[in-house]
Amino acid sequence: MVKITYPDNSVQEFKDGITPAEIAKGISEGLYRNAIAAEINGELKDLNTPIMQDSTIKLITLDDEIAPKIYRHTMAHIMAQAVARIFGEDRVKLAIGPVIENGFYYDFDIEGHNLSEEDFSKIEEEMKKIIKEDIKIIRKEVNKKEAIELFKDQPYKLELIEELEEDTISVYFQGDFYDLCRGPHLPSTGYVKYFKLLSVSGAYWRGDEKNKMLQRIYGTAFPKKEQLDDYLNMIEEAKRRDHRKLGPKLNLFMLQSEMAPGMPFFLPNGKIVLNELMAYSRQVHKKYGYVEVETPQIMNIKLWHQSGHWDHYKENMFFTEKEDMPMAVKPMNCPGHILIYKNNFVSYRDLPIRMFEFGKVHRYERSGVLHGLFRVRAFTQDDAHIFCMPSQMEEEIIKVIQLTNEIFSTFGFKYEAILSTMPEDHMGDIESWERATDALKKALEKSNMEYRIDEGEGAFYGPKIDFNVTDSLGRKWQCTTIQLDFQMPERFDMVYADENDAQKRPVMIHRAIFGSLERFFGILIENFAGEFPTWLSPVQVSILPVSEKFNEEAKKFSRILEQEGIRVYVNDSDATVGYKIRNEQMKKVPYMIVFGEKEMNSDTINIRTRKGDTIENVSKERFIEEIKNEIKNRNLDLTF
């Protein structure tokens with residue numbers, strides 16, 4: 001007999017080999033119909049998994065948070081089966097088909113056919129047939145020899161099988177289709193009916209440009225139609241907000257893939273926004289006791305050997321050599337900050353030292369993964385390093401969390417925290433890692449922050465906290481990182497003198513709030529759909545003279561606004577007022593003033609907002625004061 005412990009800690013005994021499906025049926029017919037998988041001793045398993053020992057169990061239904069990982073994985077298999085049916089099993093070579101955020105994909109190598117979105121309708125129809133057939137999904141475990149025989153005509157699967165160390169390999173069957181997979185999967189193909197194929201693209205096998213280019217189909221799936229509809233509407237809205245379209249359109253930035261791939265050019269309007277972001281960041285950092293520094297772009301490669309970046313990061317670095325000195329373009333700012341620290345004698349009275357830099361870094365990314373401002377090769381970090389005594393580190397991390405909260409609240413962002421622990425490829429001893437991880441946990445808990453743990457995803461030199469912000473479309477973006485580091489101070493022999501003049505090792509905290517200024521800029525463009533709050537808007541007020549005779553007075557009024565620190569543009573073209581209004585609305589200028597006889601001869605104006613609202617008879621003095629306050633307070637919403 002086996003003892004089964006439920007989430008409410010109640011215990012029930014069953015015969016050896018009982019399955020979660022049988023347990024669900026014993027509880028209620030409704031639960032049996034709705035269950036799709038089970039969490040057994042913390043691991044996701046199929047409903048038909050035999051339980052041979054005392055275990056904890058949680059039955060998973062379509063409403064559970066983990067459910068999308070299961071049903072979208074099955075949908076990837078259904079799509080692969082449909083593609084094989086349509087184009088022929090002998091012509092379709094299967095690669096991989098994982099679940100990703102909000103969806104899934106599958107990579108194919110199809111002889112004699114290039115997939116396009118025109119193929120989607122017939123693939124979707126075949127998928128619907130497979131779903132309607134409600135084919136049972138069966139997991140079988142085979143040895144390596146049997147797996148090789150099963151997949152003898154599937155070269156990509158064979159490559160994966162050959163690399164597996166274990167001899168027991170799981171294969172999932174649905175009718176005449178089978179795939180190499182760890183699972184778990186739905187009990188049958190009929191459980192989830194609402195899906196959509198989204199796009200097709202090229203993808204190198206295993207992400208290596210030296211390998212063959214495969215064809216990747218992306219899709220998504222939901223248990224309810226309204227959930228799918230909401231997601232598809234969100235995708236359409238995201239396309240409208242795409243920073244790669246809005247950026248050039250609003251004169252913010254441009255990309256030159258031929259001349260400088262992954263290295264954005266910032267245009268006049270974009271530079272204004274970046275300068276505002278940096279000015280705000282400097283103001284907040286000064287408040288929290290940081291000093292700003294600047295470090296060189298190119299430094300001797302021996303620095304990167306000493307820091308450990310050479311061993312862990314050289315494939316992502318750029319190099320040059322002059323006067324027989326091999327140099328590296330910095331991929332990170334931390335070694336430079338360490339050299340500044342070591343430039344002077346440091347006493348315990350000097351600590352903590354909070355060193356801050358807008359540091360331009362360069363990291364090689366494959367051309368295939370470059371993506372607007374989100375994935376680039378050159379970017380600016382709002383990078384800081386805090387050097388402190390071990391007794392100060394918890395308090396310093398709490399202060400970084402407070403600083404992060406202050407900055408994100410200014411942009412209206414909510415965020416979640418993820419604690420990432422020691423990866424396999426790491427520096428230093430386990431005891432130091434445990435001490436660092438514990439300090440991060442305590443800081444989060446004392447800050448009353450909920451967090452989840454991401455095992456094995458820390459940096460090579462220390463555990464970290466990542467903060468993911470949620471934008472206006474509900475999408476999550478990783479921005480802030482806080483990393484605790486005992487390794488770099490050791491490698492660089494960093495010391496401070498304690499109260500007894502004994503040399504002690506400081507702790508180093510790495511942190512960036514925006515993360516990358518470029519990436520954060522892209523997030524802001526999409527979050528606000530280009531309609532920045534007034535304080536960030538490149539042009540804050542546009543004045544639109546009704547005709548040429550009002551141009552001079554309009555310019556006089558613009559100079560008054562400029563003297564008050566307001567960014568103004570006067571559209572003195574010969575175009576009609578209606579055209580001028582439409583043009584400024586397309587530029588997403590917060591406020592427009594149509595300037596005619598009344599505006600020239602009185603102290604009142606009519607204000608038009610980019611949303612199309614009109615506010616009449618506002619005194620010029622009041623307008624100026626209200627806009628100044630809106631800018632000073634960095635309000636998210638328009639005052640008028």
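Just so you know, glycine gets a Cβ as well, placed from its N, Cα and C.
Feature list (source: Swiss-Prot):
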DOMAIN    1-61  domain 'TGS'
REGION    242-533  region 'Catalytic'
BINDING   Cys334, His385, His510  Zn(2+) binding site
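With every protein chain in view, the residue among the binding-site residues His385, His510 whose Cβ has the most Cβ partners within 10 Å turns out to be His385. Non-local contacts of Cys334 (Zn(2+) binding site) by the CB criterion (under 8 A, 6+ apart in sequence, same chain) comprise Ser307, Asp383, His385, Met488, Met508, His510.
Under DSSP, Cys334 (Zn(2+) binding site) is assigned to a helix (H, G or I) in the three-state scheme. Secondary structure counts, DSSP: the domain 'TGS' (1-61) has 14 helix, 26 strand, 21 coil.
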